[in-house]
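The next block holds one structure in the form of structure tokens; read it before the comments.
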Amino acid sequence: MGGVNEIGSNKAVSVATTPPISAPPSQFHSPSLSRSPLLASDDHIQPANKIPRISTPRFVTPLGSPIRRALQLTRLDPHDAWLPITESRNGNAYYAAFHTLCSGIGIQALVLPVAFTILGWTWGIITLTLAFIWQLYTLYLLVQLHESTETGMRYSRYMQLCSATFGEKLAKWLALFPIMYLSGGTCVALIIIGGQTCKMFFDVICGGTCTAQPPTIVEWFLIFTSAAVLLSQLPNLNSIAGVSLIGAITAFGYCTLIWVVSVIEGRTEGVSYNPVRGSTEVTRIFDVFNTFGIVSFAFRGHNLILEIQATMPSDEKHPSSVPMWKGVKIAYTLVAMCLFPLAIGGYWAYGQRIPENGGMLTALFVFHGKDTSQFILGLTSLFVIINALSSFQIYGMPTFDDMESVYVKKKKKALPWWFRAILRAMFGYGCFFVAVAIPFLASLAGLVGGIALPVTLAYPCFMWLKVKKPKAFTPIWCLNWVLGLLGMALSGVLVAAGIYVIINTGVEVSFFDP
């Protein structure tokens, strides 16, 4: 670093000749620490109504160095100042907990008992526990990698960290498609889930007594999408903290309601806990691999952790990793309180009879729809709908950020509110079109999910090794190499299992017929 630190130190101090780029006054102290990996050297800004300042030597110094504190070098990033992820940096540990919990629990957790039908009690609990510890560890790595104390960089987006670590070309090959799928693909899935649950909620409320013609499933998709687009007009990630809080409460609520009702109602008639075995050895092997995928897919949200942490203020004395990790610990304590009872209680109540499609939610209506209070059934459905609407906002935010960055980088100013509204409506109704046009997308979830799995389980380990450079063959070095390689191997196996299932069972292709 010695040679780098001396760059420009012998140059004469001169008055900047290029006009300053104005920024909103509220953003003067909020964006990235010193440099952004996506900025050119002249992309610094000065607050509006300020006279051009004398340019200082271009010291590249560690975040907490005496030179940095003395000169108070702060190069603001206009892109960060006007983009929805980093537009506001006044987040805290509680906001982080809301966002993390809302994004970390989803409808896919309700199919965890299906994995137990293949693995059985012992291996099911062991697999779920190991997966929980593994993904929590990689999440911890991402929190620590968010900011560099050596360069002052804040990696506010998962793709930025990948590009800075692996290089832009390799990062695009490795992470671009999985991140796009985890954002846009999740929003499409949420529209399908939300629309179908709206129909279930309507049926529960009416109870067969309504004379009005119920909406079709496509119309339910459209109703859900319109509500999601309306909510998406909130400007930035911090502004949806209240939405994420409601989403977190409803996620915890419907998970708890479902497993509690299932356990109270008792085991279903003819329940069996003998593991399901395929007819051939190959089928049995791929069934086990698919259960690993079910357990792995129950944990989500790693592609949003850096974005959530970017909403927090940070300096050398108060790094954002401290409140972020506090929020994560709160969130994942509640996640564990949802997932483990769901998996264990659900398998105890239904055994091999747990439906593969819909999991616990479908089982609740199929086995206890008549002997459970309509209020409980309606409340559970309503919680699922509200959680899906809330999750749509946080999973759509990276895509909103990417779309708006094109305008901001070109115009060097914030996106007008009306243009932002149009872009977000286009994204929402684009997801609606995909949900209607390709309703069999869920059949490919195992295949595509296997491709996206390294974002959660493998890439954080490799990025930590590349950035932190631990001494070879130390325990932490070996741990990250083993987990990273194991994550990549698991991804390959799940992709192969997904292809096998598609070839063996087929996919019912029905365009525009949800």
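Yeah, the Cβs are placed from backbone N, Cα and C, and that goes for glycine too.
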Annotated range (TrEMBL: region 'Disordered') out of 15-35, 267-287:
15-35
Between the transmembrane segment (477-503) and the stretches 121-143, 173-193, 240-264, 375-396, the largest tally of CB pairs under 8 Å belongs to 121-143
Using a threshold of three or more Cβ pairs below 8 Å, and leaving out pairs closer than 6 in sequence, do the transmembrane segment (173-193) and the transmembrane segment (417-438) count as in contact?
yes
When you scan the chain for residues with a C-beta under 8 Å from the transmembrane segment (444-465), skipping those not six or more beyond its ends, what do you find?
134-135, 138-139, 141-142, 144-145, 158, 161-162, 165-166, 174-175, 177-179, 181-182, 185, 189, 290, 293, 296-297, 299-300, 302-303, 477, 480-481, 483-488, 490-495, 497-499, 501-502, 507
Mind pulling out the one from 93-115, 121-143, 330-350, 375-396 with the most Cβ pairs under 8 angstroms to the transmembrane segment (240-264)?
375-396
Counting only residues at least 6 beyond its ends, the same-chain positions whose CB falls under 8 A of a CB in the transmembrane segment (173-193) are 107, 158-159, 162, 166, 221, 224-225, 228, 300, 303, 384, 388, 391-392, 395-396, 398-399, 427-428, 431-432, 434-435, 439, 441-442, 445, 448, 451-452, 454-455, 459, 514
Assess whether the transmembrane segment (375-396) lies in contact with the transmembrane segment (93-115), where contact requires at least three Cβ pairs under 8 Å among residues 6 or more apart in sequence.
yes
